[in-house]
Amino acid sequence: MSIHYDLYTSGNPLKSEEQQPLHARVIPSGTIDAKKFIELTSKANGFSPATIEGCLQAVTAELRHWLAQGWIVEVGELGHFYLSLKCDRPVMEKKEIRSPSIHLNRVNLRINKRFREALESLQLERMESPYRTTSNHSDDECRTLLMKYVNEQGCITRADFMRITGISRDKALELLKRFLEERIIRKYGGGRTIVYLKNVL
């Protein structure tokens, strides 16, 4: 089975008039949640779902424990997990910042070479993404749609914002960043679980 992809223009933070390069992005076939993944693994290997779930919970707990101790942890042929940190603000000298101003940035995964090589032979096929959208909405109209949705639903994701306005991913990120700076919304969560809430001043 082929993996579908589409080509997108790169972001243009400097607003240059020059043509921006294209980059490839996988068009997801869907999402396999944890329960479904355990079910599929059970059918493929013969282990009971309860056994697989118990092993996953044990591996997750042990991984979390050793990461919290500052170790880099190799998990089977998957790869190495490790933590990265971030500072609250840019600093030039070590004495300018203290531990309370340094926080966890993300949990990183450096894929094992054998795991990556097993995916190198994948078949790729170009197609137009069903998620690519165009919109005639002005920025003010997008703001109005955003706030209407937040007032009705309590929060909004970037994907929801793209869906209700018909704008591209890059445009959605640009507008959400501007609305955050204008303090009409606030961000909650991190990574792929970010949602945007109405900012109560």
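Here the Cβ of each residue, glycine as well, is placed from N, Cα and C on the backbone.
Small disclaimer: the values here were computed from a predicted structure and weren't measured.
Residues annotated as domain 'HU' in TrEMBL: 1-126. In terms of DSSP helix, strand and coil, the domain 'HU' (1-126) has 43 helix, 37 strand, 46 coil.
Taken from TrEMBL, the feature domain 'Transcriptional regulator DIP2311-like C-terminal' covers 142-196.
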What is the three-state DSSP composition of the domain 'Transcriptional regulator DIP2311-like C-terminal' (142-196), stated as helix, strand and coil residue counts? 36 helix, 7 strand, 12 coil
